[in-house]
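Colleague: First the structure, which I've put down as structure tokens, then a few questions once you've had a look.
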Amino acid sequence: MGAAAVRWHLCVLLALGTRGRLAGGSGLPGSVDVDECSEGTDDCHIDAICQNTPKSYKCLCKPGYKGEGKQCEDIDECENDYYNGGCVHECINIPGNYRCTCFDGFMLAHDGHNCLDVDECQDNNGGCQQICVNAMGSYECQCHSGFFLSDNQHTCIHRSNEGMNCMNKDHGCAHICRETPKGGVACDCRPGFDLAQNQKDCTLTCNYGNGGCQHSCEDTDTGPTCGCHQKYALHSDGRTCIETCAVNNGGCDRTCKDTATGVRCSCPVGFTLQPDGKTCKDINECLVNNGGCDHFCRNTVGSFECGCRKGYKLLTDERTCQDIDECSFERTCDHICINSPGSFQCLCHRGYILYGTTHCGDVDECSMSNGSCDQGCVNTKGSYECVCPPGRRLHWNGKDCVETGKCLSRAKTSPRAQLSCSKAGGVESCFLSCPAHTLFVPDSENSYVLSCGVPGPQGKALQKRNGTSSGLGPSCSDAPTTPIKQKARFKIRDAKCHLRPHSQARAKETARQPLLDHCHVTFVTLKCDSSKKRRRGRKSPSKEVSHITAEFEIETKMEEASDTCEADCLRKRAEQSLQAAIKTLRKSIGRQQFYVQVSGTEYEVAQRPAKALEGQGACGAGQVLQDSKCVACGPGTHFGGELGQCVSCMPGTYQDMEGQLSCTPCPSSDGLGLPGARNVSECGGQCSPGFFSADGFKPCQACPVGTYQPEPGRTGCFPCGGGLLTKHEGTTSFQDCEAKVHCSPGHHYNTTTHRCIRCPVGTYQPEFGQNHCITCPGNTSTDFDGSTNVTHCKNQHCGGELGDYTGYIESPNYPGDYPANAECVWHIAPPPKRRILIVVPEIFLPIEDECGDVLVMRKSASPTSITTYETCQTYERPIAFTSRSRKLWIQFKSNEGNSGKGFQVPYVTYDEDYQQLIEDIVRDGRLYASENHQEILKDKKLIKALFDVLAHPQNYFKYTAQESKEMFPRSFIKLLRSKVSRFLRPYK
């Protein structure tokens with residue numbers, strides 16, 4: 001790779017970091033090392049240290065000695081007269097070391113090198129009778145007026161005014177006065193002083209108190225001249241040596257500046273200088289207005305750091321906390337995600353139940369008292385259906401079985417769908433009229449399914465309404481004939497599958513003519529799919545193409561039977577009529593002149609792509625515009641196409657689904673019920689729980705003693721079983737049955753043995769006194785029997801997505817607790833010339849298990865292969881590291897002990913040319929010194945962006961400079977910038 005290419009790639013590089021338990025290297029297997037040092041077989045010098053090595057040993061001279069280890073000699077630190085071992089007075093060499101001493105009148109400073117003046121006057125006034133005056137390196141005694149100092153230089157003698165002897169106050173000697181034989185006086189000086197030419201004054205020399213110099217002294221004609229040791233400066237007094245910033249930073253904690261009077265200390269932002277003028281004390285910014293932090297303020301040395309409560313993240317201003325919208329992440333919830341301040345909640349679609357915190361599994365309703373079915377129960381995805389044995393068919397309530405030939409007098413005759421056509425201006429338009437039982441299911445923006453009517457009794461299962469039957473049963477007018485079925489596929493060019501109200505005014509139409517004269521249309525399904533198809537020619541734009549798949553079910557009109565045309569004849573005639581109708585429909589659909597009429601509104605099945613619609617027109621069928629969003633009409637309402645708004649269901653109808661175009665007639669024909677009924681139980685007139693009747697409607701009678709019924713509108717009651725009775729009639733639950741023992745949660749009552757039985761593995765029971773256990777949702781199971789809650793149900797599947805550039809591994813049932821005795825193995829094999837970077841945002845493995853649950857990453861399955869990472873503990877701080885091998889074999893195992901949340905570990909593969917840079921970043925402790933940096937490795941959006949750029953550096957240009965600043969803290973960007981700049985330096 002050329003220098004320019006490397007620079008270009010690295011200038012756009014963003015990277016991550018590491019902390020954690022990483023495996024170290026190991027020696028060669030099979031070799032036994034001999035420790036010569038401990039056995040004393042080495043030949044190191046007595047002043048050397050023996051250090052064992054894998055194959056031999058080596059000798060190192062001790063500190064203070066020089067040589068190659070087998071011969072060592074003392075280093076004379078004092079031999080350099082200029083530096084003098086750093087001693088300002090005298091340097092004394094000792095074997096392997098040295099020490100500093102000071103002249104009389106001085107003492108050694110704490111640094112062991114400098115010499116400070118001793119104030120002798122502090123100790124018994126220096127022995128002076130009257131006045132003691134301290135001086136650098138010495139002191140002198142003085143007397144009060146009228147006295148003079150005696151020869152011992154400590155006591156004072158009263159002066160006389162007579163004569164010229166030494167007792168006279170005017171004898172003129174500076175130090176010592178001696179009387180001469182002739183009666184005169186002679187002056188003398190104390191040791192270390194020379195008598196001046198006037199024979200009275202005394203001149204100081206370097207021999208007394210080091211000449212008054214703190215460090216070095218040199219005698220000159222004018223007296224001692226002072227000097228200072230290296231790195232010290234002479235004070236303006238000409239005697240004292242002051243520290244400079246070159247010596248121990250001038251004694252300053254932080255910043256040192258040399259001045260004429262000595263060093264001046266200062267402190268950086270976040271510290272304040274203490275009264276000693278040298279020490280810096282940290283300022284606790286959190287004491288004032290919480291440091292400006294929204295949530296938490298944590299004081300640090302010289303600064304502070306803001307933190308946020310769980311569920312919030314710190315913005316790049318490093319003060320403000322913002323709620324984390326977990327619902328914006330991929331794979332947060334299986335079905336529905338609802339964000340809330342600091343948290344989120346996962347919900348499941350109807351017929352599913354939540355497990356493992358975020359996952360949705362199908363509820364096996366049949367495991368709960370047989371789904372309340374009278375006979376058989378068949379579980380389906382998101383629902384279930386009751387089935388009946390031969391000779392019986394399902395009641396309108398979808399639970400009870402009634403005789404096939406038995407009519408329900410209160411049930412309405414199923415309204416018929418109708419296919420018809422009309423002409424306007426020579427153009428033929430066709431219509432599908434759905435008077436009732438319309439189901440609209442939008443699969444996607446450009447796909448939907450519309451069904452109209454009710455399948456025949458011998459056809460496939462009843463029309464499903466979000467997993468439940470339509471609630472219709474046989475009526476006295478329903479024909480038991482086998483329906484005629486036909487499937488056709490139509491193609492519409494330049495059209496999209498948008499089911500929208502048809503508002504365009506059409507010319508006056510001729511009367512609509514039915515397409516099927518000799519039959520009844522009982523059920524029609526229309527499935528519309530749109531896709532783009534590229535035209536011939538590279539520059540030709542792609543065109544929208546829609547396909548409509550129609551399935552028809554028709555029944556013959558038995559009332560038209562005659563001697564000349566019996567049942568077979570009528571059926572053949574109906575089939576011919578259906579074929580002709582399909583031909584007519586094909587022409588109509590091809591011209592985009594096909595409409596569906598529901599609840600008085602005509603809808604275009606597919607239309608030409610138009611300009612972007614605004615307002616209500618931008619929403620699909622079954623949706624209305626609220627707060628600039630398209631929202632589906634809720635249960636209890638239907639979409640009124642002409643009004644463009646949601647309309648409540650009329651009394652006598654109900655709607656238990658969202659986004660529908662009509663309401664379903666109630667099974668009762670009395671028109672009772674609530675307006676806006678959300679399910680069939682709100683239709684009115686049904687028997688209440690604990691009661692039943694032949695058709696499920698009033699008048700009703702109470703369930704006899706020994707039976708119960710928990711649901712409304714039923715035709716019978718369930719027996720308690722095992723000869724158990726109830727205290728009274730009209731009971732609604734098995735809990736009303738007088739069982740001989742009261743079972744606790746995790747158990748069910750066996751009516752044969754009259755004992756409580758623990759729920760088997762794979763089931764649970766959260767309530768008291770039940771006669772069944774609930775099967776775990778989906779493909780989950782429990783770790784043990786007797787489970788009391790759905791949270792004990794765990795998915796056994798090992799999660800993850802392994803890609804060449806990015807991917808992740810996930811413990812089973814994450815983020816719920818993983819199951820017992822789980823074993824997962826993943827293999828990461830990156831493309832050539834790429835290396836692996838792994839981030840563990842957090843990992844939860846119970847340490848109480850004595851490492852029974854382990855995650856290990858190695859080169860291969862062999863226990864002796866190179867290990868990159870291994871842990872059996874919980875770490876809530878992020879961990880990141882590069883793989884020690886090009887490929888990774890990863891294993892997770894759990895035992896039967898405690899369980900934990902587990903882990904979700906993302907990884908990225910990067911160009912091996914960046915290996916040095918990545919290693920430099922991930923091994924820098926500053927990456928983890930800040931909680932803000934740690935949160936980056938936990939933020940799924942930021943990790944995704946970082947991995948995107950690491951895997952594909954050119955993708956950096958997707959993120960603007962402003963976006964990068966808004967995504968990452970300044971300190972993080974600064975850290976990366978310095979690393980990248982240093983790495984690029986050789987290429988400049």
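Glycine is treated like the rest: Cβ placed from N, Cα and C.
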Colleague: Can you tell which of Cys37, Cys59 Swiss-Prot lists as bonded to Cys44 through a disulfide?
Modeller: Cys59
Colleague: Just confirming the record: what cysteine out of Cys87, Cys115, Cys121 does Swiss-Prot connect to Cys102 via a disulfide?
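Modeller: Checking Swiss-Prot: disulfide partner of Cys102 resolves to Cys115.
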Colleague: Disulfide partner of Cys377 per Swiss-Prot: which of Cys360, Cys366?
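Modeller: Going by Swiss-Prot, Cys377 is disulfide-bonded to Cys366.
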Colleague: Cys306 pairs with which of Cys293, Cys308 in a disulfide, per Swiss-Prot?
Modeller: Cys293
Colleague: Measure from the CA atom of Cys132 (disulfide bond) to the CA atom of Cys141 (disulfide bond) and give the result in Å, rounded to a whole number.
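Modeller: Computed Cα spacing between Cys141 (disulfide bond) and Cys132 (disulfide bond) is 5 Å.
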Colleague: Out of Cys61, Cys72, Cys366, Cys377, Asn750, which of these recorded positions is nearest Cys872 (disulfide bond) by C-alpha distance?
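Modeller: The smallest Cα gap between Cys872 (disulfide bond) and any of the recorded positions is with Cys366.
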Colleague: Can you tell me the three-state DSSP label for Asn370 (N-linked glycosylation site)?
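Modeller: Where Asn370 (N-linked glycosylation site) sits, the three-state DSSP reduction gives helix.
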Colleague: Would you mind pulling the DSSP three-state label for Cys141 (disulfide bond)?
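Modeller: Looking at the DSSP assignment, Cys141 (disulfide bond) belongs to a strand.
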Colleague: From the recorded positions Cys50, Cys293, Cys308, Asn679, Cys851, pick the residue whose C-alpha lies nearest to the C-alpha of Cys348 (disulfide bond).
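Modeller: Its closest listed neighbour, by Cα, is Asn679.
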Colleague: Could you state the CA-to-CA distance between Cys128 (disulfide bond) and Cys360 (disulfide bond) to the nearest Å?
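Modeller: Answer for this pair: 97 Å between alpha carbons.
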Colleague: Across the domain 'CUB' (798-910), what are the DSSP residue counts per state (helix, strand, coil)?
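Modeller: Taking each residue of the domain 'CUB' (798-910) in turn, the totals are 3 helix, 54 strand, 56 coil.
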Colleague: In angstrom units, rounded to an integer, how far apart are the Cα atoms of Cys306 (disulfide bond) and Cys321 (disulfide bond)?
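Modeller: It is 9 Å, counting Cα to Cα.
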Colleague: Given the disulfide-bonded residues Cys50, Cys100, Cys377, find the one whose Cα is closest in space to the Cα of Cys61 (disulfide bond).
Modeller: Cys50
Colleague: Please report the distance from the Cα of Cys373 (disulfide bond) to the Cα of Cys321 (disulfide bond), rounded to the nearest angstrom.
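Modeller: Distance between the two Cα atoms comes out at 53 Å.
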